[in-house]
Amino acid sequence: MRILSNAKAPKEFLPSTDASASPTTASPAVMCPETITTVSSLLKSCARPSHLKQAHARILTLGLHRRIPTLLSAATLAYLSLGLLDSALPLFRSVPSPSPFLFNMAIRACAARGRFHVALRLYSTLLSSGLRPDKFTFPFALRSCAALSDLRVGKLLHQHSLCFGCASDLFVAAALVDMYSKCGDVFCARQTFDKMANRDLVCWTSMISGYAHNGLTMETLEFFRLMQLSSVKLNRVSLLSALLACGRLGALRGGECFHCLAIKTRFEHDVLVATAVVDMYVKCGNLELARLMFDRIDSKDVVCWSTMVAGFGYHGLAREAISAFDNMVDDGVMPNATTFTSLLSACSHSGLSEEGRRFFDSMNLKYGIEPKMNHYACMVDILGRAGKLQEAEEFIKQMPMEPDTSIWVSLLGACRIHGDLDLGEKIADKIMNRDHNHAGYFVLLSNVYAAKSRWTDVERVRKLMVGRRVNKDQGISLIEFNNQVHKFGVDDKSHPHSREICAYLDRLSVRMKQLGYVPLVDFALHDVDDESKEIALSYHSERLAIVFGLINMNPGTVIRVTKNLRVCGDCHNAIKFISKIESRVIIVRDANRFHHFEGGICSCHDHW
(Lines of atoms letter the chains of each structure in order from A; the text may use other names.)
(Lines give C-alpha, C1' and ligand atoms only; values in the text may rest on other atoms or scores of the structure.)
Protein backbone atom coordinates (compact mmCIF):
# COMPACT_ATOMS: atom_id res chain seq x y z
CA MET A 1 0.00 0.00 0.00
CA ARG A 2 1.42 3.36 -1.06
CA ILE A 3 0.62 6.34 1.15
CA LEU A 4 1.63 9.80 -0.02
CA SER A 5 3.30 11.46 2.94
CA ASN A 6 6.44 13.23 3.98
CA ALA A 7 6.23 11.60 7.38
CA LYS A 8 8.09 8.37 8.02
CA ALA A 9 5.66 5.62 9.02
CA PRO A 10 6.36 3.65 12.22
CA LYS A 11 7.40 0.05 11.92
CA GLU A 12 4.04 -1.31 13.11
CA PHE A 13 2.25 0.73 10.41
CA LEU A 14 4.14 -0.83 7.47
CA PRO A 15 3.07 -4.09 5.82
CA SER A 16 4.87 -7.05 7.35
CA THR A 17 7.54 -8.80 5.23
CA ASP A 18 6.98 -12.05 7.17
CA ALA A 19 4.38 -14.11 5.30
CA SER A 20 3.43 -15.94 8.49
CA ALA A 21 2.55 -12.75 10.33
CA SER A 22 -1.04 -11.50 10.42
CA PRO A 23 -2.85 -8.48 11.93
CA THR A 24 -4.60 -10.68 14.45
CA THR A 25 -1.31 -12.04 15.79
CA ALA A 26 0.56 -8.74 15.82
CA SER A 27 2.58 -8.21 18.95
CA PRO A 28 0.83 -5.85 21.37
CA ALA A 29 3.93 -3.73 21.72
CA VAL A 30 3.73 -0.63 23.81
CA MET A 31 3.59 2.43 21.53
CA CYS A 32 6.15 5.10 22.28
CA PRO A 33 5.08 8.80 22.15
CA GLU A 34 7.17 9.35 19.02
CA THR A 35 5.26 6.58 17.23
CA ILE A 36 1.89 8.02 18.26
CA THR A 37 2.91 11.46 17.00
CA THR A 38 4.17 10.00 13.73
CA VAL A 39 0.92 8.09 13.04
CA SER A 40 -1.16 11.20 13.84
CA SER A 41 1.04 13.29 11.54
CA LEU A 42 0.64 10.69 8.84
CA LEU A 43 -3.15 11.03 9.02
CA LYS A 44 -2.97 14.81 8.85
CA SER A 45 -0.70 14.69 5.82
CA CYS A 46 -3.17 12.69 3.71
CA ALA A 47 -4.23 15.25 1.10
CA ARG A 48 -6.54 12.93 -0.85
CA PRO A 49 -9.61 11.02 0.39
CA SER A 50 -8.25 7.75 -1.05
CA HIS A 51 -4.97 8.12 0.87
CA LEU A 52 -6.81 8.91 4.09
CA LYS A 53 -9.13 5.92 3.74
CA GLN A 54 -6.14 3.63 3.11
CA ALA A 55 -4.40 4.95 6.20
CA HIS A 56 -7.56 4.62 8.28
CA ALA A 57 -8.11 1.06 7.07
CA ARG A 58 -4.50 0.15 7.99
CA ILE A 59 -4.99 1.58 11.50
CA LEU A 60 -8.09 -0.58 11.97
CA THR A 61 -6.41 -3.67 10.51
CA LEU A 62 -3.45 -3.37 12.87
CA GLY A 63 -5.71 -2.56 15.80
CA LEU A 64 -3.79 0.63 16.51
CA HIS A 65 -7.00 2.48 17.44
CA ARG A 66 -7.34 0.20 20.48
CA ARG A 67 -3.77 0.82 21.62
CA ILE A 68 -3.82 4.52 20.75
CA PRO A 69 -7.31 5.94 21.58
CA THR A 70 -6.34 9.41 20.33
CA LEU A 71 -6.01 8.05 16.81
CA LEU A 72 -9.82 8.05 16.51
CA SER A 73 -9.82 11.79 17.14
CA ALA A 74 -6.95 12.28 14.72
CA ALA A 75 -8.75 10.29 12.00
CA THR A 76 -11.97 12.24 12.63
CA LEU A 77 -10.10 15.54 12.29
CA ALA A 78 -8.49 14.34 9.07
CA TYR A 79 -11.87 13.44 7.58
CA LEU A 80 -13.35 16.76 8.72
CA SER A 81 -10.49 18.74 7.17
CA LEU A 82 -11.27 17.12 3.80
CA GLY A 83 -15.00 17.75 4.19
CA LEU A 84 -15.85 14.01 4.24
CA LEU A 85 -18.74 14.33 6.68
CA ASP A 86 -20.32 10.97 5.85
CA SER A 87 -17.12 9.31 7.10
CA ALA A 88 -16.26 11.80 9.81
CA LEU A 89 -19.58 11.90 11.71
CA PRO A 90 -19.93 8.12 12.39
CA LEU A 91 -16.27 8.09 13.46
CA PHE A 92 -16.88 11.12 15.69
CA ARG A 93 -19.65 9.23 17.51
CA SER A 94 -17.20 6.40 18.29
CA VAL A 95 -14.68 8.73 20.00
CA PRO A 96 -14.96 7.99 23.75
CA SER A 97 -14.64 11.54 25.07
CA PRO A 98 -14.45 14.13 22.27
CA SER A 99 -12.56 17.25 23.23
CA PRO A 100 -14.06 20.77 22.84
CA PHE A 101 -11.62 21.28 19.96
CA LEU A 102 -12.98 18.21 18.15
CA PHE A 103 -16.56 19.41 18.72
CA ASN A 104 -15.66 22.83 17.33
CA MET A 105 -14.08 21.35 14.22
CA ALA A 106 -17.13 19.13 13.63
CA ILE A 107 -19.57 22.03 14.08
CA ARG A 108 -17.45 24.18 11.77
CA ALA A 109 -17.27 21.49 9.06
CA CYS A 110 -21.04 20.89 9.18
CA ALA A 111 -21.81 24.60 8.95
CA ALA A 112 -19.38 25.00 6.02
CA ARG A 113 -20.97 22.05 4.17
CA GLY A 114 -24.58 23.13 4.66
CA ARG A 115 -25.39 20.52 7.32
CA PHE A 116 -26.83 23.17 9.60
CA HIS A 117 -29.22 20.96 11.59
CA VAL A 118 -26.36 18.55 12.32
CA ALA A 119 -24.16 21.46 13.46
CA LEU A 120 -26.79 22.53 15.98
CA ARG A 121 -27.28 18.95 17.21
CA LEU A 122 -23.52 18.72 17.78
CA TYR A 123 -23.67 21.94 19.79
CA SER A 124 -26.43 20.43 21.92
CA THR A 125 -24.35 17.26 22.41
CA LEU A 126 -21.37 19.37 23.47
CA LEU A 127 -23.46 20.96 26.23
CA SER A 128 -24.96 17.66 27.38
CA SER A 129 -21.43 16.21 27.59
CA GLY A 130 -20.61 18.76 30.28
CA LEU A 131 -18.19 20.71 28.08
CA ARG A 132 -18.04 24.47 27.77
CA PRO A 133 -18.49 26.13 24.37
CA ASP A 134 -15.90 28.80 23.64
CA LYS A 135 -15.37 31.71 21.26
CA PHE A 136 -14.58 29.24 18.46
CA THR A 137 -17.86 27.35 18.93
CA PHE A 138 -20.40 30.16 18.65
CA PRO A 139 -19.61 31.72 15.24
CA PHE A 140 -20.37 28.52 13.33
CA ALA A 141 -23.36 27.53 15.46
CA LEU A 142 -24.78 31.03 14.91
CA ARG A 143 -24.08 30.76 11.18
CA SER A 144 -26.25 27.63 11.16
CA CYS A 145 -29.09 29.51 12.88
CA ALA A 146 -28.79 32.30 10.32
CA ALA A 147 -28.93 29.84 7.42
CA LEU A 148 -32.02 28.15 8.91
CA SER A 149 -33.63 31.49 9.89
CA ASP A 150 -34.04 29.94 13.36
CA LEU A 151 -34.35 33.03 15.55
CA ARG A 152 -35.45 31.07 18.63
CA VAL A 153 -32.29 28.94 18.77
CA GLY A 154 -30.21 31.96 17.75
CA LYS A 155 -31.44 33.90 20.78
CA LEU A 156 -30.69 30.90 22.98
CA LEU A 157 -27.14 30.82 21.63
CA HIS A 158 -26.86 34.55 22.34
CA GLN A 159 -27.77 33.87 25.99
CA HIS A 160 -25.20 31.05 26.15
CA SER A 161 -22.48 33.31 24.71
CA LEU A 162 -23.19 35.79 27.49
CA CYS A 163 -23.17 33.08 30.17
CA PHE A 164 -19.85 31.65 28.96
CA GLY A 165 -18.24 35.07 28.56
CA CYS A 166 -17.83 34.93 24.78
CA ALA A 167 -20.29 37.60 23.61
CA SER A 168 -17.68 40.37 23.64
CA ASP A 169 -15.40 38.50 21.23
CA LEU A 170 -15.28 40.28 17.86
CA PHE A 171 -16.07 37.19 15.78
CA VAL A 172 -18.89 36.04 18.07
CA ALA A 173 -20.43 39.52 18.09
CA ALA A 174 -20.16 39.73 14.29
CA ALA A 175 -21.87 36.33 14.00
CA LEU A 176 -24.66 37.53 16.31
CA VAL A 177 -25.24 40.64 14.17
CA ASP A 178 -25.34 38.48 11.05
CA MET A 179 -27.69 35.94 12.64
CA TYR A 180 -30.19 38.57 13.82
CA SER A 181 -30.08 40.34 10.45
CA LYS A 182 -30.71 37.18 8.44
CA CYS A 183 -33.47 36.07 10.83
CA GLY A 184 -35.26 39.40 10.30
CA ASP A 185 -34.71 40.87 13.77
CA VAL A 186 -32.86 44.03 12.73
CA PHE A 187 -33.60 45.73 16.05
CA CYS A 188 -31.61 43.12 18.03
CA ALA A 189 -28.91 43.17 15.34
CA ARG A 190 -28.52 46.92 15.81
CA GLN A 191 -28.50 46.59 19.62
CA THR A 192 -25.73 44.01 19.41
CA PHE A 193 -23.80 46.15 16.93
CA ASP A 194 -24.04 49.26 19.15
CA LYS A 195 -22.66 47.36 22.14
CA MET A 196 -19.53 46.23 20.29
CA ALA A 197 -16.32 47.90 21.45
CA ASN A 198 -14.58 47.20 18.14
CA ARG A 199 -16.28 46.78 14.77
CA ASP A 200 -14.64 45.40 11.68
CA LEU A 201 -15.80 45.51 8.06
CA VAL A 202 -17.72 42.24 8.46
CA CYS A 203 -19.88 43.73 11.25
CA TRP A 204 -20.67 46.85 9.22
CA THR A 205 -21.45 44.78 6.14
CA SER A 206 -23.72 42.41 8.08
CA MET A 207 -25.67 45.36 9.44
CA ILE A 208 -26.00 47.10 6.06
CA SER A 209 -27.05 43.94 4.21
CA GLY A 210 -29.46 43.13 7.06
CA TYR A 211 -31.21 46.46 6.62
CA ALA A 212 -31.26 46.06 2.83
CA HIS A 213 -32.64 42.52 2.76
CA ASN A 214 -35.31 43.34 5.33
CA GLY A 215 -36.61 46.16 3.12
CA LEU A 216 -35.38 48.99 5.37
CA THR A 217 -34.01 51.08 2.54
CA MET A 218 -33.67 54.40 4.35
CA GLU A 219 -31.77 52.76 7.19
CA THR A 220 -29.51 50.98 4.69
CA LEU A 221 -28.36 54.24 3.14
CA GLU A 222 -28.02 55.98 6.50
CA PHE A 223 -25.89 53.13 7.85
CA PHE A 224 -23.74 53.14 4.74
CA ARG A 225 -23.12 56.85 5.35
CA LEU A 226 -22.14 56.12 8.97
CA MET A 227 -19.71 53.45 7.78
CA GLN A 228 -18.03 55.95 5.45
CA LEU A 229 -17.80 58.52 8.25
CA SER A 230 -16.13 55.86 10.41
CA SER A 231 -13.41 55.49 7.74
CA VAL A 232 -14.24 51.82 7.23
CA LYS A 233 -13.22 50.63 3.78
CA LEU A 234 -16.26 49.42 1.84
CA ASN A 235 -16.45 46.00 0.22
CA ARG A 236 -18.56 44.42 -2.49
CA VAL A 237 -21.40 43.32 -0.19
CA SER A 238 -21.93 46.77 1.33
CA LEU A 239 -21.91 48.38 -2.13
CA LEU A 240 -24.42 45.81 -3.43
CA SER A 241 -26.70 46.54 -0.46
CA ALA A 242 -26.55 50.29 -1.08
CA LEU A 243 -27.37 49.87 -4.78
CA LEU A 244 -30.25 47.55 -3.87
CA ALA A 245 -31.63 50.17 -1.45
CA CYS A 246 -31.43 52.95 -4.05
CA GLY A 247 -33.26 50.76 -6.55
CA ARG A 248 -36.05 50.03 -4.10
CA LEU A 249 -36.43 53.70 -3.23
CA GLY A 250 -36.20 54.85 -6.82
CA ALA A 251 -33.45 57.21 -5.61
CA LEU A 252 -31.71 57.88 -8.91
CA ARG A 253 -29.33 60.58 -7.63
CA GLY A 254 -28.23 58.40 -4.72
CA GLY A 255 -27.79 55.45 -7.08
CA GLU A 256 -25.62 57.55 -9.38
CA CYS A 257 -23.40 58.44 -6.42
CA PHE A 258 -22.92 54.77 -5.54
CA HIS A 259 -22.21 54.01 -9.20
CA CYS A 260 -19.44 56.63 -9.07
CA LEU A 261 -18.17 55.01 -5.88
CA ALA A 262 -18.06 51.63 -7.65
CA ILE A 263 -15.95 53.19 -10.41
CA LYS A 264 -13.65 54.90 -7.88
CA THR A 265 -13.09 51.68 -5.92
CA ARG A 266 -12.70 49.59 -9.11
CA PHE A 267 -15.70 47.40 -8.28
CA GLU A 268 -17.39 48.33 -11.58
CA HIS A 269 -15.63 45.42 -13.32
CA ASP A 270 -17.09 42.92 -10.85
CA VAL A 271 -20.02 41.27 -12.67
CA LEU A 272 -22.19 41.22 -9.53
CA VAL A 273 -21.69 44.94 -8.87
CA ALA A 274 -22.11 45.79 -12.55
CA THR A 275 -25.38 43.81 -12.62
CA ALA A 276 -26.55 45.62 -9.46
CA VAL A 277 -25.83 48.96 -11.18
CA VAL A 278 -27.94 47.87 -14.17
CA ASP A 279 -30.74 46.77 -11.83
CA MET A 280 -30.58 50.08 -9.93
CA TYR A 281 -30.93 52.16 -13.10
CA VAL A 282 -33.80 49.93 -14.27
CA LYS A 283 -35.69 50.36 -11.00
CA CYS A 284 -35.00 54.11 -10.89
CA GLY A 285 -36.64 54.47 -14.31
CA ASN A 286 -33.53 55.28 -16.36
CA LEU A 287 -33.61 52.43 -18.86
CA GLU A 288 -31.19 54.18 -21.24
CA LEU A 289 -28.38 54.21 -18.66
CA ALA A 290 -29.24 50.63 -17.65
CA ARG A 291 -28.81 49.55 -21.28
CA LEU A 292 -25.53 51.44 -21.59
CA MET A 293 -24.09 49.82 -18.45
CA PHE A 294 -25.33 46.39 -19.54
CA ASP A 295 -23.57 46.71 -22.92
CA ARG A 296 -20.29 47.52 -21.13
CA ILE A 297 -20.25 44.25 -19.17
CA ASP A 298 -17.81 41.85 -20.84
CA SER A 299 -18.73 38.49 -19.32
CA LYS A 300 -22.49 38.45 -18.85
CA ASP A 301 -23.84 35.57 -16.78
CA VAL A 302 -27.43 34.34 -16.54
CA VAL A 303 -28.18 36.74 -13.65
CA CYS A 304 -26.99 39.70 -15.71
CA TRP A 305 -29.05 38.71 -18.77
CA SER A 306 -32.12 37.96 -16.64
CA THR A 307 -31.83 41.41 -15.02
CA MET A 308 -31.96 43.09 -18.43
CA VAL A 309 -34.87 40.90 -19.59
CA ALA A 310 -36.75 41.84 -16.42
CA GLY A 311 -35.85 45.51 -16.91
CA PHE A 312 -37.39 45.63 -20.37
CA GLY A 313 -40.46 43.87 -18.98
CA TYR A 314 -40.83 46.37 -16.10
CA HIS A 315 -40.90 49.20 -18.62
CA GLY A 316 -43.47 47.52 -20.87
CA LEU A 317 -40.98 46.73 -23.65
CA ALA A 318 -41.82 43.07 -24.20
CA ARG A 319 -40.37 42.93 -27.71
CA GLU A 320 -37.02 44.17 -26.39
CA ALA A 321 -37.23 41.62 -23.55
CA ILE A 322 -37.75 38.83 -26.09
CA SER A 323 -34.85 40.15 -28.19
CA ALA A 324 -32.58 40.17 -25.10
CA PHE A 325 -33.64 36.60 -24.35
CA ASP A 326 -32.77 35.48 -27.89
CA ASN A 327 -29.38 37.25 -27.69
CA MET A 328 -28.68 35.52 -24.38
CA VAL A 329 -29.31 32.08 -25.88
CA ASP A 330 -27.25 32.97 -28.97
CA ASP A 331 -24.44 34.01 -26.62
CA GLY A 332 -24.39 30.49 -25.19
CA VAL A 333 -25.94 31.39 -21.81
CA MET A 334 -28.75 29.05 -20.85
CA PRO A 335 -31.83 30.63 -19.20
CA ASN A 336 -33.00 29.54 -15.76
CA ALA A 337 -36.38 29.57 -14.01
CA THR A 338 -35.96 33.22 -12.98
CA THR A 339 -35.30 34.24 -16.60
CA PHE A 340 -38.59 32.70 -17.68
CA THR A 341 -40.48 34.38 -14.85
CA SER A 342 -39.22 37.76 -16.11
CA LEU A 343 -39.94 36.87 -19.74
CA LEU A 344 -43.49 35.65 -19.05
CA SER A 345 -44.17 38.72 -16.92
CA ALA A 346 -43.00 40.95 -19.80
CA CYS A 347 -45.38 39.19 -22.20
CA SER A 348 -48.21 39.58 -19.68
CA HIS A 349 -47.77 43.34 -19.25
CA SER A 350 -47.70 43.89 -23.01
CA GLY A 351 -50.58 41.62 -23.98
CA LEU A 352 -48.44 39.12 -25.93
CA SER A 353 -50.48 36.05 -25.10
CA GLU A 354 -49.34 33.90 -28.04
CA GLU A 355 -45.67 34.62 -27.42
CA GLY A 356 -46.16 33.97 -23.71
CA ARG A 357 -47.71 30.59 -24.39
CA ARG A 358 -44.85 29.70 -26.76
CA PHE A 359 -42.21 30.53 -24.15
CA PHE A 360 -44.12 28.68 -21.43
CA ASP A 361 -44.28 25.52 -23.57
CA SER A 362 -40.57 25.81 -24.43
CA MET A 363 -39.49 25.73 -20.79
CA ASN A 364 -39.75 21.96 -20.48
CA LEU A 365 -39.62 20.92 -24.11
CA LYS A 366 -36.56 22.94 -25.16
CA TYR A 367 -34.71 23.91 -21.99
CA GLY A 368 -35.61 21.11 -19.56
CA ILE A 369 -36.96 23.50 -16.93
CA GLU A 370 -40.04 22.25 -15.08
CA PRO A 371 -42.54 25.14 -14.67
CA LYS A 372 -43.21 26.04 -11.05
CA MET A 373 -46.22 27.66 -9.43
CA ASN A 374 -45.06 31.18 -10.25
CA HIS A 375 -44.73 30.29 -13.95
CA TYR A 376 -48.29 28.97 -13.99
CA ALA A 377 -49.42 32.17 -12.24
CA CYS A 378 -47.72 34.21 -14.98
CA MET A 379 -49.48 32.18 -17.65
CA VAL A 380 -52.87 32.67 -15.99
CA ASP A 381 -52.07 36.38 -15.79
CA ILE A 382 -51.19 36.46 -19.50
CA LEU A 383 -54.46 34.82 -20.50
CA GLY A 384 -56.46 36.89 -18.01
CA ARG A 385 -55.05 40.25 -19.11
CA ALA A 386 -55.74 39.31 -22.73
CA GLY A 387 -59.39 38.80 -21.78
CA LYS A 388 -59.25 35.03 -22.30
CA LEU A 389 -60.91 34.32 -18.97
CA GLN A 390 -62.50 30.99 -19.85
CA GLU A 391 -59.24 29.74 -21.35
CA ALA A 392 -57.43 30.82 -18.19
CA GLU A 393 -59.93 28.90 -16.06
CA GLU A 394 -59.45 25.76 -18.17
CA PHE A 395 -55.66 26.19 -17.95
CA ILE A 396 -55.93 26.19 -14.13
CA LYS A 397 -58.01 23.01 -14.17
CA GLN A 398 -55.33 21.23 -16.23
CA MET A 399 -52.43 22.19 -13.94
CA PRO A 400 -50.38 19.19 -12.73
CA MET A 401 -50.41 20.62 -9.19
CA GLU A 402 -53.04 22.02 -6.87
CA PRO A 403 -53.30 25.76 -7.69
CA ASP A 404 -52.48 28.00 -4.77
CA THR A 405 -54.26 31.23 -3.88
CA SER A 406 -51.95 33.34 -6.10
CA ILE A 407 -53.25 31.52 -9.19
CA TRP A 408 -56.87 32.31 -8.38
CA VAL A 409 -56.00 35.86 -7.45
CA SER A 410 -54.41 36.38 -10.90
CA LEU A 411 -57.67 35.30 -12.53
CA LEU A 412 -59.73 37.34 -10.07
CA GLY A 413 -57.74 40.46 -10.97
CA ALA A 414 -58.43 39.80 -14.65
CA CYS A 415 -62.15 39.46 -13.95
CA ARG A 416 -62.03 42.84 -12.22
CA ILE A 417 -60.25 44.45 -15.20
CA HIS A 418 -62.54 42.99 -17.85
CA GLY A 419 -65.76 43.39 -15.90
CA ASP A 420 -66.67 39.69 -15.70
CA LEU A 421 -67.96 40.10 -12.18
CA ASP A 422 -70.01 36.90 -12.26
CA LEU A 423 -66.89 34.76 -12.69
CA GLY A 424 -65.13 37.12 -10.29
CA GLU A 425 -67.76 36.45 -7.61
CA LYS A 426 -67.37 32.70 -8.04
CA ILE A 427 -63.58 32.91 -7.68
CA ALA A 428 -63.90 35.37 -4.77
CA ASP A 429 -66.09 32.94 -2.87
CA LYS A 430 -63.55 30.18 -3.59
CA ILE A 431 -60.68 32.30 -2.21
CA MET A 432 -62.70 33.24 0.88
CA ASN A 433 -62.79 29.58 1.90
CA ARG A 434 -58.99 29.32 1.84
CA ASP A 435 -56.76 30.04 4.81
CA HIS A 436 -54.40 32.85 3.88
CA ASN A 437 -53.26 36.11 5.41
CA HIS A 438 -52.06 38.16 2.45
CA ALA A 439 -53.56 41.66 2.60
CA GLY A 440 -53.54 42.02 -1.19
CA TYR A 441 -55.95 39.10 -1.57
CA PHE A 442 -58.47 40.68 0.76
CA VAL A 443 -58.24 44.05 -1.00
CA LEU A 444 -58.94 42.40 -4.36
CA LEU A 445 -61.90 40.54 -2.84
CA SER A 446 -63.24 43.87 -1.57
CA ASN A 447 -62.79 45.32 -5.07
CA VAL A 448 -64.95 42.63 -6.64
CA TYR A 449 -67.66 42.77 -3.98
CA ALA A 450 -67.73 46.59 -4.02
CA ALA A 451 -68.08 46.61 -7.82
CA LYS A 452 -71.23 44.47 -7.40
CA SER A 453 -72.40 46.73 -4.51
CA ARG A 454 -72.22 43.75 -2.16
CA TRP A 455 -71.40 45.98 0.82
CA THR A 456 -72.30 43.28 3.33
CA ASP A 457 -69.57 41.07 1.85
CA VAL A 458 -67.14 44.01 1.81
CA GLU A 459 -67.77 44.37 5.55
CA ARG A 460 -67.38 40.59 5.97
CA VAL A 461 -63.95 40.76 4.32
CA ARG A 462 -62.96 43.63 6.60
CA LYS A 463 -64.01 41.66 9.71
CA LEU A 464 -62.18 38.62 8.43
CA MET A 465 -59.01 40.71 8.11
CA VAL A 466 -59.43 41.91 11.69
CA GLY A 467 -60.07 38.35 12.91
CA ARG A 468 -56.96 37.04 11.19
CA ARG A 469 -54.92 40.11 12.22
CA VAL A 470 -54.16 40.99 8.61
CA ASN A 471 -53.02 44.59 8.18
CA LYS A 472 -53.68 46.22 4.83
CA ASP A 473 -50.56 47.80 3.38
CA GLN A 474 -50.93 51.56 3.26
CA GLY A 475 -50.26 53.22 -0.08
CA ILE A 476 -46.90 55.03 0.10
CA SER A 477 -45.32 57.07 -2.69
CA LEU A 478 -41.73 58.33 -2.76
CA ILE A 479 -40.11 61.11 -4.74
CA GLU A 480 -36.46 62.21 -4.66
CA PHE A 481 -35.65 65.92 -4.52
CA ASN A 482 -32.41 67.67 -3.51
CA ASN A 483 -30.76 64.38 -2.47
CA GLN A 484 -33.62 63.64 -0.09
CA VAL A 485 -36.44 61.13 -0.47
CA HIS A 486 -39.89 62.55 0.39
CA LYS A 487 -42.64 60.14 1.46
CA PHE A 488 -46.40 60.61 1.04
CA GLY A 489 -49.34 58.56 2.27
CA VAL A 490 -53.02 58.66 1.34
CA ASP A 491 -54.55 62.04 2.28
CA ASP A 492 -51.23 62.83 3.95
CA LYS A 493 -51.18 66.15 5.84
CA SER A 494 -47.87 65.59 7.61
CA HIS A 495 -45.58 66.99 4.91
CA PRO A 496 -44.37 70.58 5.50
CA HIS A 497 -45.73 71.60 2.06
CA SER A 498 -49.06 69.82 2.58
CA ARG A 499 -51.28 72.91 2.36
CA GLU A 500 -49.59 74.12 -0.83
CA ILE A 501 -49.79 70.64 -2.39
CA CYS A 502 -53.52 70.24 -1.68
CA ALA A 503 -54.32 73.71 -3.06
CA TYR A 504 -52.36 72.98 -6.25
CA LEU A 505 -54.08 69.61 -6.60
CA ASP A 506 -57.54 71.18 -6.23
CA ARG A 507 -56.76 73.68 -9.01
CA LEU A 508 -55.40 70.88 -11.15
CA SER A 509 -58.58 68.80 -10.64
CA VAL A 510 -60.70 71.65 -12.06
CA ARG A 511 -58.52 71.87 -15.17
CA MET A 512 -58.60 68.08 -15.59
CA LYS A 513 -62.41 68.04 -15.57
CA GLN A 514 -62.47 70.81 -18.15
CA LEU A 515 -60.51 68.49 -20.46
CA GLY A 516 -62.92 65.61 -19.90
CA TYR A 517 -61.58 63.81 -16.83
CA VAL A 518 -64.30 61.79 -15.08
CA PRO A 519 -63.39 60.18 -11.72
CA LEU A 520 -63.68 56.39 -11.72
CA VAL A 521 -65.47 56.14 -8.40
CA ASP A 522 -65.63 52.34 -8.54
CA PHE A 523 -62.07 52.36 -7.20
CA ALA A 524 -63.25 53.87 -3.89
CA LEU A 525 -64.21 50.96 -1.67
CA HIS A 526 -66.75 52.68 0.56
CA ASP A 527 -70.54 52.60 0.68
CA VAL A 528 -70.85 56.38 0.37
CA ASP A 529 -72.06 58.82 -2.26
CA ASP A 530 -70.04 59.44 -5.42
CA GLU A 531 -68.87 62.90 -4.32
CA SER A 532 -67.29 61.45 -1.18
CA LYS A 533 -65.65 58.73 -3.25
CA GLU A 534 -64.24 61.35 -5.62
CA ILE A 535 -62.69 63.28 -2.73
CA ALA A 536 -61.18 60.05 -1.33
CA LEU A 537 -59.56 59.30 -4.70
CA SER A 538 -58.20 62.82 -5.21
CA TYR A 539 -55.62 62.57 -2.43
CA HIS A 540 -54.01 59.23 -3.21
CA SER A 541 -50.30 59.18 -2.40
CA GLU A 542 -49.01 59.17 -6.00
CA ARG A 543 -50.93 62.36 -6.83
CA LEU A 544 -49.51 64.14 -3.78
CA ALA A 545 -45.96 63.09 -4.73
CA ILE A 546 -46.42 64.20 -8.34
CA VAL A 547 -47.77 67.62 -7.33
CA PHE A 548 -44.85 68.02 -4.90
CA GLY A 549 -42.56 67.47 -7.88
CA LEU A 550 -44.50 69.94 -10.03
CA ILE A 551 -44.17 72.62 -7.35
CA ASN A 552 -40.49 72.13 -6.54
CA MET A 553 -38.77 70.89 -9.69
CA ASN A 554 -37.70 73.04 -12.62
CA PRO A 555 -39.92 73.00 -15.72
CA GLY A 556 -39.01 70.16 -18.05
CA THR A 557 -37.53 67.99 -15.28
CA VAL A 558 -38.74 64.38 -15.41
CA ILE A 559 -40.84 63.56 -12.34
CA ARG A 560 -40.10 60.07 -10.97
CA VAL A 561 -42.39 58.55 -8.35
CA THR A 562 -42.17 55.13 -6.71
CA LYS A 563 -45.28 53.54 -5.18
CA ASN A 564 -45.36 50.41 -3.03
CA LEU A 565 -48.77 49.23 -4.35
CA ARG A 566 -50.37 48.93 -7.76
CA VAL A 567 -51.54 52.31 -9.04
CA CYS A 568 -55.36 52.41 -9.10
CA GLY A 569 -57.28 52.89 -12.36
CA ASP A 570 -58.53 56.35 -11.45
CA CYS A 571 -55.05 57.64 -10.57
CA HIS A 572 -53.68 56.13 -13.77
CA ASN A 573 -56.33 58.04 -15.71
CA ALA A 574 -55.73 61.25 -13.75
CA ILE A 575 -51.94 61.18 -14.26
CA LYS A 576 -52.45 61.01 -18.02
CA PHE A 577 -54.39 64.28 -17.80
CA ILE A 578 -51.76 65.83 -15.49
CA SER A 579 -48.93 64.98 -17.91
CA LYS A 580 -50.84 66.69 -20.73
CA ILE A 581 -51.80 69.81 -18.75
CA GLU A 582 -48.33 70.32 -17.26
CA SER A 583 -46.38 69.22 -20.37
CA ARG A 584 -44.27 66.94 -18.16
CA VAL A 585 -42.85 63.47 -18.47
CA ILE A 586 -44.01 61.59 -15.37
CA ILE A 587 -42.60 58.15 -14.59
CA VAL A 588 -44.44 56.13 -11.96
CA ARG A 589 -43.15 52.79 -10.72
CA ASP A 590 -45.81 50.77 -8.94
CA ALA A 591 -45.65 47.27 -7.47
CA ASN A 592 -45.89 45.65 -10.91
CA ARG A 593 -44.22 47.85 -13.53
CA PHE A 594 -43.27 51.28 -14.83
CA HIS A 595 -45.70 53.76 -16.36
CA HIS A 596 -44.21 56.49 -18.57
CA PHE A 597 -46.77 59.29 -18.93
CA GLU A 598 -46.27 61.94 -21.60
CA GLY A 599 -48.76 64.13 -23.48
CA GLY A 600 -51.76 62.36 -21.99
CA ILE A 601 -50.60 58.87 -23.00
CA CYS A 602 -49.12 56.07 -20.88
CA SER A 603 -46.52 53.64 -22.17
CA CYS A 604 -48.64 50.71 -20.97
CA HIS A 605 -51.48 51.74 -23.33
CA ASP A 606 -53.89 51.00 -20.48
CA HIS A 607 -52.75 47.37 -20.41
CA TRP A 608 -51.44 46.76 -16.93
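Yeah, the Cβs are placed from backbone N, Cα and C, and that goes for glycine too.
Remember, it's a predicted structure, so these values are computed and weren't measured experimentally.
Marked as compositional bias 'Low complexity' by TrEMBL: 15-26. Residues annotated as domain 'DYW' in TrEMBL: 516-608. Residues annotated as region 'Disordered' in TrEMBL: 1-26. Annotated repeat 'PPR' per TrEMBL: 99-133, 200-234, 301-335, 336-371, in sequence order.
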Secondary structure content of the repeat 'PPR' (99-133), with strand meaning DSSP E or B: 26 helix, 0 strand, 9 coil
Per-state residue totals over the repeat 'PPR' (301-335) - DSSP helix, strand, coil: 26 helix, 0 strand, 9 coil
Residue counts (helix, strand, coil, in that order) that DSSP gives for the repeat 'PPR' (336-371): 27 helix, 0 strand, 9 coil
